[in-house]
Structure formats: structure tokens, C-alpha cells
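For reference, Swiss-Prot has these:
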BINDING   G40, E41, N42, G43, A44, G45, K46, S47  ATP 1 binding site
BINDING   A309, M310, S311, I312, F313, G314, K315, S316  ATP 2 binding site
DOMAIN    8-245  domain 'ABC transporter 1'
DOMAIN    264-510  domain 'ABC transporter 2'
Amino acid sequence: MNMPNCLLEMRNITKAFPGVKALNNVNLKVEQGEIHALVGENGAGKSTLMKVLSGVYPHGTYEGDILFEGRVCQFKDIKESEQLGIVIIHQELALVPELSIAENIFLGNEQAKNGVIDWNQTITEAAKLLKKVGLSDSPRTLAMNIGVGKQQLVEIAKALSKKVKLLILDEPTAALNEEDSQNLLHLLLEFKKQGMTSIIISHKLNEISYVADHLTILRDGQSIETLSLQSGEVTEDRIIKGMVGRDLENRFPPREPKIGDVILEVNHWHVDDPLHPDRSLIKDVNLYLKRGEIVGVAGLMGAGRTELAMSIFGKSYGKNIRGQLIKDGKEIKVHSVKDAIDHGLAYVTEDRKTYGLILIDDIKHNISLTSLEKLSKNGVVDKTREVKEAEDFRKKMNIRTPSIDQKTGNLSGGNQQKVVLSKWILSGPDILILDEPTRGIDVGAKYEIYSVIHELAAQGKAVLVISSELPELLGLSDRIYALCEGRITGEVTREEANQEILMKYMTRTGGNGHEVS
């Protein structure tokens, strides 16, 4: 590939961790002023490569060469790479909630004179940077008081304060709603017009096709190919083939639903905000699930989807929760997570790293976490049985790891999600609530998760799926509820459903399905 204005070149980068070679002779070239996408399945090495580039993994811990602006770079830490203008924004945002926007922007790079912070300059400069990223909030606003979309923009403003030449964004839209995602992509295109170079890691191939000039595919720690997207001739299927090493003919596995009787009814469900009890989050929601059925819940960010799920699952979120839960025709009382588990409910959280896993513990202990009583005799865990169950799930769920003694924090996102699912399946539930089950997961791992969901339904379990990706809901669900401002505003069958109808219900403008008042 001819690159007369090559800003970055990474040559033969190899990086190993105990028991695994994460990168194997990877090559990457990025042109000045382009948006370059980096794609690949979870565990392909994308984030590891960017951590090598940015100095998170210092020179000496990897093999190969980094050339930036024609110079060989041997970064000892992230500060050295930032001094040259290479700035990375990680998937997990690093803002301090208790500090203001301005303080976060200049954290570690304070606007000081003679060792004393100049607050007037801090606020003034922060306001200029916020304007550049299109954020109108006051620089004095605490980071905890702005949404995740705005927090992402603050991270970019922070990068701009460091005189960025190469901006690296790792899954920048993974936690954003559609509107915030579009705003961020437009901002990247605006930066490109100004001559800035960006590298974007994303599983959202439609977004990559929209903004990127070139994309490099990684697979199993190796660079497979670099494609030009400027012609518009590279299809998503072509990219997926490069990522997984084969044609993925269908995004969703085939399925013949076998739907049984109603297993769960949620009647007149109300939930108040725990921080503002005078504000209702969920308002008179009614829904039902049948055995063997996959039911979707669609809604924009803030619609109340997660609040609904968590309040049903043992009142684990919300205040003054009221309404009726009926399972198999009988009312059940669920006052705690333990009650929920005892009644056959399971909840896979949208935030696996914070609430779904103990990252510093091994796979075996994470899988057995909700089933210790079941695995115990006289109050003592049967270690042999625990190992057998974990090993069975490792094979059944295709968790890619050399050992169940591996720390869960070392796994890729897709494999972590399989551990969370294994944990809840082992508990033996009749009803599973899956909140964003494939967030931040590549297409290959998504297919495997979809297969697991199909298998659960085939076993007669009811599955409630919450997802921000409408194609996912349309591909998985037998029925879909739409939620808007805490109310169910519509219900559509698989045959009736399409993105347009769902969006109408999600924004309360009606559609052709069954309107719910």
C-alpha cells in the first residue's frame, strides 16, 4: 500500500503473556489525516496493540519497532507517548466522578503558575476545549452529573488539551445511545477535516464503514489485511470473513420456536428513583413471558429498561417497588436477589466487569458463585464437583482459555460474557433476563451467544433480552416490547416487527403493532 504521508508504522510487533501470545508479528500503517479502523474478534489483539503503541506496555516488554513521524519510538510509559501527541481513550472511561469537568480535563496536566493552580485559566481553557467537542455544559459541572455520552466528549477534550496528533479510541460508542454515537462520529469526521489522525477500534461495522478511510483486520494476534473503504465496495460480510476466517452466512443461528404456557406475568409494576423518590422510573408496566419464548425489550437510553429488569430481579434497583409477579399462575414475593434465585430467576447485567464478575478471581470460582449452596455438602463446597461443573461449562460454552484457573480479568469480552452466562445457567433458572448480552462483543462471539440463548429457549426456559441494537432484537425475538419514559408503549410479534415500527414506539409516536396505553 502506497503511503507517502505515513504518520505511524508498527513493524513485526510481538507481545506475549503467560501461556498466550497476544500479538504475533503484527504490522500496521496509518496515514496522516485519516481515520483508520482496527477490527477483529475479541481476543484478536486490538487493545493490546494500542497499549503497546501508547506505552501502557513499555518498550522491552514486546518485540518489534514503532515509527512515529519517521522516528523510532521506545516509550517507557504513557506519558512519553502523550508528549509526542499519541493519546488513547480506553473503553472504560477514566474520569474522576467527584471532580469537575475542568479538573478532569487537566488532571495530571494542571494549569499552574509557581506550583499554584490558576483556576481562572483552567476554567477558561476548559471552556475552549468543550466548545471544540460541541459540549455546552459548564466546566464547573461535576463529572458524575453528566451522562456517558458527554463523558466521552470530556475524554476527547482532555486529549485535545495534550496537543494530540494521533487519537486512539477503543470502542468509543459501545456504551452510547444512537444519538450520542452519531454525534461522536461526526466529531471525528470534523477533526479529520482539520487534519487530525484517528485510530478507532469498534465492533460496529456500520459505524466503521461510515467514518473510516482504511481498516486493518487482526485475527488470533496476527494482522490479516488492510482494506481501503474509500471506494465503498467493501461490504460488512467481506470484513466479517476477514475477522472470523470464514463466511458467516447468517448473523443468527436457525431456530424453530417451541413456545409453551405463560411462566411469568408482571402486573402493574411501578418503580421510583432511589435518589429522587418523587420521580417514577417505571410506570404501570404489564408484560408476560412464555416457556420457550425469547422476548425483546427495546428502548432509548433512559427509557427504564435496566431499571425494570433489576427491579424484577429481587428489587435490586429502585425504591417503593410495587406490583405483582405471578409465576406459573401463583403470585410470588421477591424481596431480595436470593429470593429471585430461589424462584428460578437469573439476571445477566449490562456491566459484566463491575457487577457480573470478580475479575481478580478465577473462572472456576466465578462460574460457581451463584450455586455454592447447590455444590456444598454440610456447608462445605465440594471442590471436585465445582471443578467438574466449571470444566463442563468451559467446553460447552467454548470459553477460550488454557485453564479454568485463569483470572477472569485476563479474558476477552466475549469469553467473560460466556463466564457470566455459565454462572447463571448453573443456578438452574426457569427465567433469564439478559441485559445487553452482546455489548462490546465481536460478530463471531455474538453468534455463539445467540446459539446459547436459542438453546436455553429450546430447553423451555423463558428469556427476556434487553438490547440497544434493534437488528439484534429483530433477529432474536419472538415478541418485542417497546419502552419509553418508563412505560410500555407497544408490543409487536416477530412477523410485525421492523426497525421503523420499533423506533415509533420507542419515541411514542405510534406504529402498526399493538399500542399499549
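Glycine is no exception: its Cβ is also placed from the backbone N, Cα and C atoms.
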- request: Starting from the ATP 2 site formed by A309, M310, S311, I312, F313, G314, K315, S316, give every other residue of that chain whose CB sits within 8 Å of the mean position of their CB atoms, in sequence order.
  value: Y317, G318, V334, V337, A340, Y347
Query: Of all the binding-site residues given, N42, S47, S311, S316, which residue's CB has the most CB neighbours within 10 A?
result: S311
Task: Average the pLDDT scores across the domain 'ABC transporter 2' (264-510) and report the rounded value.
output: 92
Candidate binding-site residues M310, S311, F313, K315, pick with smallest Cα gap to G45 (ATP 1 binding site): M310
Query: Around A44 (ATP 1 binding site), how many other C-beta atoms are within 10 angstroms of its C-beta?
result: 27
Count of other CB atoms lying within 10 Å of the CB belonging to A309 (ATP 2 binding site): 21
- prompt: Given the binding-site residues G40, G43, G314, which one's Cβ is surrounded by the fewest other Cβ atoms within 10 Å?
  reply: G314
Task: To the nearest whole angstrom, state the Cα distance for the pair K46 (ATP 1 binding site) and M310 (ATP 2 binding site).
output: 33
Query: Given the ATP 1 site residues G40, E41, N42, G43, A44, G45, K46, S47, which other residues of that chain have a Cβ within 8 Å of the mean position of their Cβ atoms, reported in sequence order?
result: T48, L218, S412, D442
Query: What Cα-Cα separation, expressed in whole Å, is found between F313 (ATP 2 binding site) and N42 (ATP 1 binding site)?
result: 29
Message: I'm trying to understand the geometry here, so how far is the Cα atom of A309 (ATP 2 binding site) from the Cα atom of E41 (ATP 1 binding site), in Å to the nearest whole number?
response: 29
Field: List of residues, in chain order, with Cβ under 8 A from that of I312 (ATP 2 binding site) and at least 6 apart
entry: V266, W269, L325, V334, A340, L345, I433
